[in-house]
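See structure below.
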Amino acid sequence: MIKEIINVVHGTFTQLRSLVMIFGHAFRKRDTLQYPEEPVYLPPRYRGRIVLTRDPDGEERCVACNLCAVACPVGCISLQKAETEDGRWYPEFFRINFSRCIFCGLCEEACPTTAIQLTPDFEMGEFKRQDLVYEKHDLLISGPGKNPDYNYYRVAGMAIAGKPKGAAQNEAEPINVKSLLP
């Protein structure tokens, strides 16, 4: 008889514990979001879609140095270098295959001109895999991105048309080495 009472008390306690657990989970913050209706929280350093930025003058920042393609562990970046009349390099074509990209950010770190930047955009779903291959015109944005005042050619020391050598930002005047001789 005592064993039956213990079984009834144990069964009742188990049922009450289950009810408390259910009510506790009912009022807890939900893990599942109704995605299109509710915006998804993204951390501040989230790495999403890759874009190509422009310098403050409105020109392409990319100098087609090919460092991003070399740094990419899956080889999803391909580009071809071309040169303007004034000696400035630019990519003739720039292609990223987002179906292979793992969004690691190594291309952004390797870029010396900060032309490649990763944005928090993640909605890139397509029905055909070929639509995930983005060309240069798909990747170029109109603004400078994260570094609005940085201009690679002014810092790098390349001669700017109409300006003498040494007139660029962070560039020293040319030194006459013959005047240093005794």
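Positions of Cβ are set from backbone N, Cα and C atoms, glycine also.
Some features that Swiss-Prot has for this protein:
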type	residues	note
BINDING	Cys62, Cys65, Cys68, Cys111	[4Fe-4S] cluster 1 binding site
BINDING	Cys72, Cys101, Cys104, Cys107	[4Fe-4S] cluster 2 binding site
DOMAIN	52-82	domain '4Fe-4S ferredoxin-type 1'
DOMAIN	92-121	domain '4Fe-4S ferredoxin-type 2'
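Ranking the binding-site residues Cys62, Cys65, Cys111 by the distance of their Cα atoms from the Cα of Cys72 ([4Fe-4S] cluster 2 binding site) places Cys111 first. For the [4Fe-4S] cluster 2 site, the Cβ centre of Cys72, Cys101, Cys104, Cys107 serves as reference, and the other residues of the chain with Cβ at most 8 Å from it are Ile50, Cys68, Ala71, Pro73, Val74, Cys76, Ile77, Ile102, Phe103, Gly105, Leu106. Taking DSSP states H, G and I as helix and E and B as strand, the domain '4Fe-4S ferredoxin-type 1' (52-82) has 5 helix, 9 strand, 17 coil. Reduced to three states, the DSSP call for Cys104 ([4Fe-4S] cluster 2 binding site) is coil. The Cβ of Cys65 has fewer other Cβ atoms within 10 Å than any other of the binding-site residues Cys62, Cys65, Cys68, Cys72.
Mapped onto three states, the DSSP output places Cys111 ([4Fe-4S] cluster 1 binding site) in coil.
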